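Novice: Pasting the relevant annotations from TrEMBL:
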type	residues	note
ACT_SITE	GLU55	active site, proton donor
BINDING	ASN42, ILE43, GLU44, ASN45, SER46, GLY47, TYR48	substrate binding site
BINDING	CYS53, CYS86, CYS89	Zn(2+) binding site
DOMAIN	1-128	domain 'CMP/dCMP-type deaminase'
Amino acid sequence: MDYKNLIEESKKAREKAYVPYSKFPVGAALLAEDGTVYHGCNIENSGYSMTNCAERTAFFKAVSEGVRTFTALAVTGDTKGPISPCGACRQVIAEFCEGSMPVYLTNLDGALSETTVAELLPGAFSKGDLDFAAKK
Ligand SMILES: O=c1ccn([C@H]2C[C@H](O)[C@@H](CO)O2)c(=O)[nH]1
Ligand SMILES: [Zn+2]
């Protein structure tokens with residue numbers, strides 16, 4: 001699937017957002033290696049901290065189905081410029097994706113930032129950091 005279609009999928013995912021508190025729907029579309037697209041929306045809660053972002057919803061859906069290899073991610077929100085994923089989502093994205101994987105950040109007005117997983121979270125804490133201590 002090309003990136004323009006993946007962005008369209010993220011807009012469809014956004015329509016499912018559960019956002020009674022922020023009224024700020026976000027959609028994510030995560031492309032798996034086999035071509036399957038996993039939709040994610042933000043899901044809020046009256047206990048605000050239990051809110052799950054669109055990006056993490058998409059990853060958790062895929063991983064819970066046994067899928068861990070991804071080739072692209074698109075995210076859309078009604079922001080002035082391209083939407084900016086939060087820190088928690090950047091860490092989850094870094095857990096499952098190569099640094100070179102493309103990430104398409106967009107808004108409803110057609111702004112687009114084509115970035116990568118590594119650019120989203122330089123210096124991410126990773127499994128390698130844990131392995132170093134375990135080897136001692
Ligand atoms: O990249 C982002 C940024 C924000 N949100 C959600 C979290 C919350 O529901 C609402 C306002 O922060 O937007 C996402 O899902 N993804
Ligand atoms: Zn987030």
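Cβ from N, Cα, C; glycine included.
The model shown is predicted, which means the values in this text are computed figures rather than measured ones.
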Novice: Between the Cα atoms of the residue listed as 'active site, proton donor' and ILE43 (substrate binding site), find the distance and write it as a whole number of Å.
Specialist: 11
Novice: Return the residues near ASN45 (substrate binding site) by Cβ distance under 8 Å, restricted to its own chain and a separation of at least 6 in sequence.
Specialist: THR51
Novice: Run through CYS53, CYS86, CYS89 for me and report the binding-site residues whose CA is within 10 Å of the CA of GLU44 (substrate binding site), in sequence order.
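Specialist: Within 10 Å Cα-Cα: CYS53.
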Novice: Given the recorded Zn(2+) site (CYS53, CYS86, CYS89), which additional residues of the same chain have their Cβ within 8 Å of the Cβ centre, ordered by sequence?
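Specialist: The surrounding set, listed in chain order, is ALA54, GLU55, ARG56, PRO85, GLY87, ALA88, ARG90, VAL92.
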Novice: Near ligand 2, which of the binding-site residues ASN45, CYS53, CYS86 have CB less than 6 Å from any of its atoms?
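Specialist: Result: CYS53, CYS86.
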Novice: Look up GLU55 (active site, proton donor) in the DSSP assignment and reduce it to helix, strand or coil.
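Specialist: It is helical.
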